[in-house]
Amino acid sequence: MDPGEAAILDSSPRSFSWLFALPPPLSAAFLGRMNVIDHVRDMAAAGLHSNVRLLSSLLLTMSNNNPELFSPSQKYQLLVYHADSLFHDKEYRNAVSKYTMALQQKKALSKTSKVRPSTGNSASTPQSQCLPSEIEVKYKMAECYTMLKQDKDAIAILDGIPSRQRTPKINMMLANLYKKAGQERPSVTSYKEVLRQCPLALDAILGLLSLSVKGAEVASMTMNVIQTVPNLDWLSVWIKAYAFVHVGDNSRAINTICSLEKKSLLRDNVDLLGSLADLYFRAGDNKNSVLKFEQAQMLDPYLIKGMDVYGYLLAREGRLEDVENLGCRLFNISDQHAEPWVVSGCHSFYSKRYSRALYLGAKAIQLNSNSVQALLLKGAALRNMGRVQEAIIHFREAIRLAPCRLDCYEGLIECYLASNSIREAMVMANNVYKTLGANAQTLTLLATVCLEDPVTQEKAKTLLDKALTQRPDYIKAVVKKAELLSREQKYEDGIALLRNALANQSDCVLHRILGDFLVAVNEYQEAMDQYSIALSLDPNDQKSLEGMQKMEKEESPTDATQEEDVDDMEGSGEEGDLEGSDSEAAQWADQEQWFGMQ
């Protein structure tokens with residue numbers, strides 16, 4: 001019987017000494033100085049997490065059965081390495097439990113002036129005395145808490161670390177947690193501390209700018225490194241550009257980033273292109289936004305950031321097949337990001353499958369609670385399902401996260417109008433107008449609310465004229481002005497407005513409205529052409545299809561009568577379709593309940 005088998009049969013403490021004994025002739029020079037804790041440490045450093053987990057679990061059980069087997073410092077190390085392996089396996093609650101035990105062990109260790117030698121481990125090395133950092137253990141605990149969505153516990157554990165002992169990554173995590181909790185002052189302090197230690201921490205710079213810290217103040221914190229490190233002359237312009245982004249000055253932000261992107265050293269940078277695409281989207285220039293997103297994903301086929309907005313824009317244009325392909329491609333890259341779920345949700349929403357869009361939006365929020373596009377998707381789905389009050393909550397959260405994004409306010413105002421809360425909608429629209437300035441988008445938004453009240457029709461007209469003076473091609477302003485002209489039955493003026501807007505762009509809604517206006521003036525053939533163009537741009541545009549079918553029925557009343565008879569005969573089949581859609585809604589409602597959405 002070999003020593004290992006004998007030790008397994010014998011449960012006395014002495015029987016485990018073979019674990020720590022050295023193989024006889026093998027390297028007395030190197031292995032003679034290592035004990036079992038050193039081997040665990042080396043495996044952890046080598047990334048052998050599953051091996052560390054198995055061995056440390058066995059050694060901890062041995063220690064519990066015989067407290068004299070390991071010294072307090074060695075047990076502390078075993079607990080930390082075991083917790084690290086659990087963290088790697090994403091068992092965060094178990095890891096927190098083991099990290100807590102390790103900190104308690106460390107606390108007891110610090111009270112002991114002498115470290116007791118363990119049985120069979122008298123050969124202690126300087127390496128074995130290099131204990132895992134207590135600060136690092138607390139940071140890992142905070143990471144576990146954030147993964148468990150227990151942000152208050154994460155803040156509490158990091159707050160317990162004295163300021164002068166906080167590393168840049170601890171300050172960065174604290175800054176982000178404070179910001180998420182709405183504690184702006186400590187968040188700013190933590191971001192500044194990150195920059196003091198690492199002046200090129202660009203995400204910390206963005207964090208400060210998002211908290212309304214002046215661009216000049218932020219730039220001053222990086223001035224020394226700009227002056228001493230070569231090829232960083234672009235950084236001050238970069239800071240200036242994102243300062244414009246965070247105050248909502250989209251046009252100046254676009255111009256500044258374009259000037260950066262044109263520089264030879266920064267040309268074709270995916271992050272800058274993504275920022276440009278997002279800015280064009282915020283400015284209501286959807287055509288340029290789509291172009292920039294396409295350019296970015298051609299440069300980086302695995303790009304995920306910003307693809308939720310890109311998918312939304314494609315869905316709005318009626319390019320549902322492209323949206324479906326984009327969603328599949330993103331899921332193949334990663335299903336642990338919100339973007340693929342949002343893109344698939346946009347496909348469902350614009351296919352009028354609102355229950356499914358709601359489920360997908362909720363799943364995206366689970367993965368990233370700060371996803372503005374996911375909140376907007378879920379809010380829109382709730383609104384269209386008649387759950388307006390729940391939708392309002394989601395739009396308000398989107399506004400909190402992105403106070404400079406007009407589409408967040410548009411969603412909330414649409415909810416107010418849907419619930420006939422015109423006064424609240426007017427207050428919100430006026431606040432947006434004052435906060436984001438008098439541009440074509442805010443003027444159109446305010447005009448949209450004014451159109452809902454007969455008393456403010458003239459004001460709506462004035463606002464729309466101002467918006468179109470600033471941007472004659474702004475589609476939302478053109479649509480609202482056409483709506484106003486339709487009410488006044490000024491069809492010729494409407495036709496002129498729409499033809500002018502379509503001179504340099506092609507849009508499904510504009511072609512459809514032009515078709516409606518042409519019908520009103522008996523220009524049937526051209527109206528049919530406009531409906532055809534609209535359907536070629538968006539085959540799912542129901543209103544264009546209805547306009548075309550209405551014209552066909554008027555042209556051949558006999559056929560129309562026959563179609564009505566057929567419709568009456570097939571009424572039972574139509575009811576069957578409705579029942580099918582209800583069963584699908586019920587199916588997704590069950591999944592929504594599973595994901596905590598109700």
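Backbone N, Cα and C define each Cβ position, glycine as well.
Unlike curated entries, TrEMBL annotations are predicted automatically.
Features of the protein shown, as given by TrEMBL:
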COMPBIAS  546-556  compositional bias 'Basic and acidic residues'
COMPBIAS  561-582  compositional bias 'Acidic residues'
REGION    546-598  region 'Disordered'
REPEAT    372-405  repeat 'TPR'
REPEAT    508-541  repeat 'TPR'
In the same chain, residues at least 6 away from the ends of the repeat 'TPR' (372-405) whose Cβ sits under 8 Å of its Cβ atoms read 245-248, 282, 308-309, 312, 338-339, 341-342, 345-346, 349, 354-355, 357-358, 360-362, 364-365, 411-412, 414-416, 418-419, 435-436, 597
Restricted to the repeat 'TPR' (508-541), the mean pLDDT of the model is 89
Near the repeat 'TPR' (508-541) in space but 6 or more residues beyond its ends, with Cβ under 8 Å, are 317-318, 320, 350-351, 475, 478-479, 482, 486, 489, 491-492, 494-495, 498-499, 501-502, 547-548, 551, 555
